[in-house]
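Here is the structure we will look at.
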Amino acid sequence: MLDFFTIFSKGGIVLWCFQGTSQLFTPSVNALIKSVILQERTGNNTYSHESLTLKYKLDNEFELIFVVAYQNILQLSYVDKFLTDIQLKFREKYKNVLLSRFYGDKSFAEFTELFNGLLKETEDESKRDQAAKKKMRTFDESQKSKKTVSSMIERKDGKEEKKVNKGKENKMPKETPEPPIAAQSSPVLTSSSVSQNSNGGLDEETRMKNLQKLLNKNKKKPTTVNKSPEPSKPKGKKETKWDNSGSTKDMATLDFSSSTDTVGFMPSKDEQAQVGQMKGDLKDIEEDEDDEVVDDSDDSEEVVAEQKSSNKSKSSGGVFSMFRNLVGSKTLTAESLAPALEKMKDHLIGKNVASDIAVKLCDSVAAKLEGKVLGTFGSVASTVRNTLQESCVQILSPRRRVDILRDAMEAKQQKRPYVITFCGVNGVGKSTNLAKVCFWLIENGLSVLIAACDTFRSGAVEQLRTHVRKLNALHPKDKHGREMVQLYERGYGKDSAGIAMEAIASARDYHIDVVLVDTAGRMQDNEPLMRALSKLVKVNQPDLVLFVGEALVGNEAVDQLVKFNQALADHSQSATPRLIDGIILTKFDTIDDKVGAAISMTYTTGQPIVFVGTGQTYTDLRNLNAKAVVSALLKP
């Protein structure tokens, strides 16, 4: 029932292969290598591609990968055990060859017979297990046999006695011996004894007094009328008068909505000093010097533990034990890795990495290290840290090139505008970072048209209008010969997809180089707005769809990206839907070393972080430095 099985090295050399059908399995194996193994996502050993399910196992000691493939519709419970058995048999049979690492002149064809025998044995055992019916339990194994006869007898009398006793606890006893004794010894209390009858109850007179007290208690007390005269409060709300308030005469000076007023948009000296600083490629995030400090507490604890264990064995080993400790090495197992990985997982969660992503990263490190031989002077904690650092750098490194300046120049040669769409949840800074990207493009000589497609939020168009005036003031028309930034707006309540289409057509007619589409902020669970975003992307087919996310979020980052991608796929009605192409990480200057959101976002989507926002000015835009982020992530 297995369609395909192959054994190859991590260097790409295929040692042995079995194929049960004529189907071509090369694309599936290449997708596994590209999407899982090279991207450090080996925590889960199952991968689905088209109609196939692929399971794999890593042999870290000999740098081998075992891959098996079968149809998705089949439920084969023995595959994991079969993978482990094949790995052990292959290692046992070709151990000397694998140690030499010279595979070119060696043939592994004789392994086919051993594979077929083990496969037949495993399949027959699985069939026997499925055919075996579940054996019924005997009476002695059931819970009923453990009950005694006395525990099954219902005692109604005993329950009634308990209820009666329970009810009598709150009642006063009818006869109390203390009052008669007190009446004989004290003449003062004899008057109170008259209120009791011979049966110990209250007499008629006492009961009438108690009844009168109860009636007086329920009566409402008469309200006392204050005779002092007070002025009556006027009805209605009194008008509030503020200090230094304006009147109709001051309306002309307080009106700032006039589009011809350019005095309020004159750039300051600091803003004018920003002009010319962002030509060419963006700068990378600077790596802090403190990030290079490595926590060696785990290593020191391990060294002390190893020293204690070696001191215990010194008396038995003599002089030769010292040399054995120097040249000795140990194989890493799941048990030896568990404490270090648990501590590393807590560290990642503390650095704002989503909890499920932290678990997957640790599982990937465990799969990469299990079975690997540790060096003489190496420790488990340092090995786990170094492996995790390599994995995180690999995750943050982009799988494809994202060069906006080069793509925009290529689109300009094709006489069409380069279109970028910004999307994300509310309040993450889409419009602000759109203005930063616009300033960077203007600095590199590209004209920009901003499409105001946020027709939902009040003040969104006015915010973009302010940015346009400010950017034109920093790069005036006299300097470039034309307006470098223009705004395409149609007010509020309109169809955002239609506005974007008109803006792209206008940019094509007026030979504008880049169109930046600003969309409304929307939560990932808002279906109407998500449907509108999917329509905008499907109708206009932008060159780049950027998701703007905060660096402050933790687990929410995964939910946002997954649901945005899912909504774009569900509402596109296309076999190859357009998904998120890149990420803009905002507010990066507010998180110190809690940079886990970058790992969570890139691990979830597999897409690169194109820009990083590090402040409020137009020049606070950076490229992601993967090594700097990972150093901050692993900093204690």
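Glycine is treated like the rest: Cβ placed from N, Cα and C.
These come from TrEMBL:
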- 125-144: compositional bias 'Basic and acidic residues' (COMPBIAS)
- 153-177: compositional bias 'Basic and acidic residues' (COMPBIAS)
- 184-201: compositional bias 'Low complexity' (COMPBIAS)
- 230-242: compositional bias 'Basic and acidic residues' (COMPBIAS)
- 243-262: compositional bias 'Polar residues' (COMPBIAS)
- 284-304: compositional bias 'Acidic residues' (COMPBIAS)
- 608-621: domain 'SRP54-type proteins GTP-binding' (DOMAIN)
- 125-315: region 'Disordered' (REGION)
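Sequence-remote contacts of a segment are chain residues at least 6 beyond its ends whose Cβ falls under 8 Å from one of its Cβ atoms, and for the compositional bias 'Basic and acidic residues' (125-144) they are 76-78. Secondary structure of the compositional bias 'Basic and acidic residues' (125-144), assigned with DSSP and counted as helix (H, G, I), strand (E, B) and coil, comes to 11 helix, 0 strand, 9 coil. Averaged across the domain 'SRP54-type proteins GTP-binding' (608-621), the predicted model reaches a pLDDT of 91.
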